[in-house]
Amino acid sequence: MDTLRQRSSGTRPCPCFSPTGVLDSDSCPPPSPQRPDQELTWSWGHGSRSALDRAEAMAPPPPPLAASTPLLHGEFGSYPARGPRFALTLTPQALHIQRLRPKPEARPRGGLVPLAEVSGCCTLRSRSPSDPAAYLCIYTYPRGRRGGRRRAARTFRADGAATYEENRAEAQRWATALTCLLRGLPLPGDGEITPELLPRPPRLLLLINPFGGRGLAWQWCKDHVLPMISEAGLSFNLIQTERQNHARELVQGLRLSEWDGIVTVSGDGLLYEVLNGLLDRPDWEEAVKMPVGILPCGSGNALAGAVNQYGGFERALGIDLLLNCSLLLCRGGGHPLDLLSVTLASGSRCFSFLAVAWGFVSDVDIQSERFRALGSARFTLGTVLGLATLHTYRGRLSYLPATVEPASPTPAHGLPRAKSELTLAPAPAPPVAHSPLHRSVSDLPLPLPQPALMSPGSPEPPPLLSINGGDPELAGDWAAAGDSPLSPDPLLPSLPGSPKAALLSPITEGAPEMPASSGLLPPTPDAPAAISTGGPPDHLLPPLGTPLPPGWVTLEGDFVLMLAISPSHLGAELVAAPHARFDDGLVHLCWVRSGISRAALLRLFLAMERGNQFSLGCPQLGYAAAHAFRLEPLTPRGVLTVDGEQVEYGPLQAQVHPGLGTLLTGPPGRPGREP
């Protein structure tokens with residue numbers, strides 16, 4: 001096996017907390033090099049923190065290699081050492097594994113590992129001084145026979161050289177090449193593959209609403225999200241929100257230079273707070289460039305459904321959707337995100353990334369709030385109740401049509417129906433105690449001990465391994481002998497009586513002073529729920545209440561619903577605008593006029609699960625692509641929502657601002673094709 005002598009990539013930083021409980025980056029040792037991505041406007045690999053850095057990161061990527069081009073090939077042993085031997089081949093799209101001994105496989109089972117299923121990798125070392133081998137551990141999340149993802153760690157033994165240093169260089173060569181592929185970094189054509197190719201770890205601010213969905217957000221984050229992003233080597237700080245607009249307050253005081261992205265672990269509502277908080281800052285032009293992401297732990301999860309489709313995954317709900325979006329987040333990569341500025345009757349303004357709704361959709365959204373404990377099933381129940389008391393609303397819809405209409409609102413291929421989320425959710429988590437302001441959880445690499453692994457028929461335990469040749473005192477617990485020797489699984493230190501519970505640092509009430517290294521400034525006073533004072537001007541819109549300029553189209557009549565949506569999805573399983581893109585510069589207007597029967601309306605929503613509602617030929621269903629619109633309800637009572645949040649009832653108008661934000665999407669996939 002070809003080997004190279006390399007420098008060690010170093011050990012991961014220890015977690016150091018400031019007095020406020022937030023990770024103090026200045027007191028930590030330098031982090032180990034880390035990751036990026038490809039084909040996108042921004043990626044983890046560039047490690048950019050300033051606007052200039054992000055602009056430079058938008059340079060076109062190098063031409064992609066052919067999917068089947070072999071990049072590395074070598075022979076590895078297994079762990080424990082008495083297991084079979086394998087031939088590994090790394091291509092730009094997959095890791096190919098073939099058993100060599102004791103008997104070569106004609107058709108290897110599980111021998112193809114698509115990189116889309118890989119969260120990360122690391123190198124390990126035996127604690128036995130007499131073992132010269134190095135170990136390569138790869139963390140994967142393949143789909144099982146029933147469609148759900150499961151974690152699988154594969155560990156391979158690099159033992160082709162006589163010394164540990166040479167074997168470690170070979171294991172690091174493979175780990176570096178694999179990480180470069182995951183992050184979209186170009187590999188040197190004829191140079192050495194060394195850990196110096198990898199930039200520093202990106203630093204993410206995770207904001208979690210522990211009451212998201214059915215109250216399982218915290219448990220899902222602890223059990224699934226934090227282990228996976230730790231395997232990917234992402235540095236993070238997690239803050240638990242305590243009340244409405246808490247996330248908005250936090251991002252208004254955020255030091256942008258300390259972070260590479262903000263990720264919400266909740267439903268769509270928390271991201272709505274984050275974006276409006278960024279646009280409410282005095283430096284909103286710089287702040288809105290901060291990449292934002294979403295990991296779905298809420299009820300609707302519409303944007304996550306669109307991200308999941310963009311990544312090429314089959315439709316999913318519950319934990320499966322969360323794992324898909326977490327895999328895409330680990331790959332990194334930002335995509336421009338259109339934002340819709342919405343001016344309300346009072347003259348206040350808010351920004352939408354999702355949808356403005358009036359009529360049936362907003363009625364169901366708000367009236368189903370009392371069923372929030374049901375998770376996404378609340379919308380099903382709300383729809384049934386809404387159909388039973390179907391209302392019509394008189395109003396006037398005006399819009400500035402797009403100069404180039406999309407080819408068709410009908411998708412070329414139907415989308416498979418996902419399983420019910422109710423069958424995927426685990427048992428409810430125990431209640432979480434709350435501090436007055438917020439709680440903070442930091443990542444990283446507390447020494448995580450691991451005990452010896454026993455292989456069947458082995459008279460003595462195999463040697464203990466440590467990460468990157470680090471602390472020989474590591475130990476821990478493993479669920480199965482098939483797992484890798486060391487993993488970030490038991491990521492969080494213990495609360496009393498719980499070996500994997502989170503380390504929580506209560507914050508005192510009020511606005512405490514935070515050191516510069518914390519990355520947070522003292523929160524600003526409470527702001528109104530749906531009002532932003534910053535943001536770009538609406539050059540396409542005259543003042544609300546004044547006549548519209550020429551070129552606008554006006555519809556007046558009785559409507560059952562009106563929906564103005566930016567991305568493709570209205571919910572994790574509802575594709576309202578199947579042809580929409582994150583950065584198409586359009587708002588997609590859908591409306592249903594009065595006269596539709598309850599059965600026909602139900603058929604529309606059932607067809608929306610596959611995105612083919614426009615192919616039903618329903619005469620009451622209308623669609624238009626626009627750059628701006630104005631909605632004037634003529635019915636004295638009703639409900640208006642912006643991204644699922646109820647706003648004041650009355651006339652409103654909105655304009656698309658193309659690519660104003662940046663969304664963490666991961667690399668694009670082929671729609672409808674599961675990796």
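Every residue, even glycine, has its Cβ placed from backbone N, Cα and C.
Residues or ranges marked as compositional bias 'Polar residues' by TrEMBL: 1-11.
Annotation source TrEMBL lists compositional bias 'Low complexity' at 494-506 (among others).
Sequence annotations record features per position, and here TrEMBL assigns compositional bias 'Low complexity' to 534-543 (among others). Using DSSP to sort the residues of the compositional bias 'Low complexity' (534-543) gives these counts of helix, strand and coil: 0 helix, 0 strand, 10 coil.
If you look up TrEMBL, you'll see 199-346 marked as domain 'DAGKc'.
Per TrEMBL, region 'Disordered' is recorded for 1-71 (among others).
The annotation region 'Disordered' is assigned in TrEMBL to 426-543 (among others).
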For the domain 'DAGKc' (199-346), jot down how many residues DSSP puts in helix, in strand and in coil. 64 helix, 34 strand, 50 coil
The average per-residue pLDDT within the domain 'DAGKc' (199-346) comes out at 91
